[in-house]
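Take a look at the structure set out below.
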Amino acid sequence: VEGNQIPCTWEPCTTGTKTSENSVVVTVVASVASVLSVVIIVSALLWWFKRTKTSGKLVVTPRKLFQELKNRQFTYSDIQRITNNFEKVIGKGGFGTVYHGFLDDNQVAVKMLSKTSFQGYRQFEAEVELLLRVHHRNLTALIGYCDDGTETGLIYEFMAKGNLAEYLSDSSISVLNWEGRLGIALEAAQGLEYLHHGCKPPIIHRDVKSSNILLTDNLQAKLSDFGLSKSFEGGSHVSTVVAGTPGYLDPEYSTTNRLTEKSDVYSFGVVLLEIITNRPVIARTIDEPTHISRWVGSMLSNGDIENIVDSRLKGDFEINSVWRAIEVAMACLSPASTKRPTMNHVVTELSECLVAEINRTRGVDEDESRDMMTMASLNCDSDIIPLPR
């Protein structure tokens, strides 16, 4: 074009003024800076999404999580109204006191944190965070929480039959039959199976025990108390300070501080023996305290299986079903964690035990038994959770 300078090619340009050279330099620097900024921002976003995906701290977007937190938050005044000013105490523990209440005509349990428990507040935060992320019919449902100044609490669905430990030992109620015991064991196992194999990353409950298995009015079992739970950030174990309940605590974990999902498997094995025998986890004897697994082991070595089972059942059970359940429990209690089964395997084995017992009591074949189990499972989901108004 007439009047234009010849454009620069591969040779350095020798035409133009000093000002134009400076302008080119500024433009190049600005372009490079812009590209670097974009790279940094994209890298940061990729890192954040990767961290979010692998850490398990968020499985929803920040906006959705914030909205979920907002929808589930109650004030202390709400808690007073729900519990009728803390009228009825239904339980006490290291965390604090549990009260009965009503929310939108539904019964709820309100667990208030003791003001003197710093560790309790950390467990409170952990439980809220976890129960907002995970949902399963065999895990207790978190309805809401209160973090109102010095007052802190959790609101759960109400579990009318209390916890498994109390239910097994309560002499005022009818004895739970073998089918009912297997059903509870299976549902608790399914809750753990979900935490270990249905969550990404996997979650270790870390405090599985009979008092942390709650029962609905129709004896549906749900795991509770997730304040000590841990997620795997990667690898096969988590190195952590030992926490849990004596008698249920994995001996390998207690000596190595290496926590794995097999630590939960060990604890579940103890619970399963409680369900089978209705004996205390640690029996106080004249000589020395005896763990339930040692007592069962000695009975097995003598071939005395029928006296392992709760005597109140009076032999009313399918013997092969009992044998199989005991074998599962003892496998869970293997000293070496690598020899313990996964919760997937435990669920499969207990399902077969239950099928065998249903066949015996109801005179149906295996296919019908499995259909009945499936229908029972589908019919025991929790009610819709009410939200604060």
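Using the three backbone atoms N, Cα and C, a Cβ is placed for every residue, glycine included.
Annotated active site, proton acceptor per TrEMBL: ASP207, in sequence order. Summarising the annotation, TrEMBL assigns ATP binding site to LYS111. The Mg(2+) binding site annotation in TrEMBL covers ASN212, ASP225. What TrEMBL records for 84-354 is domain 'Protein kinase'. Here TrEMBL flags 24-49 as transmembrane segment.
Mapped onto this structure are the features recorded in TrEMBL.
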residue : record                       : Cβ neighbours (10 Å)
LYS111  : ATP binding site             : 24
ASP207  : active site, proton acceptor : 22
ASN212  : Mg(2+) binding site          : 23
ASP225  : Mg(2+) binding site          : 22
Exercise for the section: Between the Cα atoms of ASP225 (Mg(2+) binding site) and ASP207 (active site, proton acceptor), find the distance and write it as a whole number of Å. Expected result: 8
Problem - DSSP state at LYS111 (ATP binding site), helix/strand/coil - result: strand
Exercise for the section: Pop the Cα-Cα gap between LYS111 (ATP binding site) and ASP207 (active site, proton acceptor) into the table, whole Å please. Expected result: 18
Practice task
Could you say whether, by DSSP, ASN212 (Mg(2+) binding site) belongs to a helix, a strand or a coil region?
Solution key: helix
Practice task
List the Cα distance (Å, whole number) between ASN212 (Mg(2+) binding site) and LYS111 (ATP binding site).
Solution key: 14
Completion exercise
DSSP, reduced to three states, assigns ASP207 (active site, proton acceptor) to coil
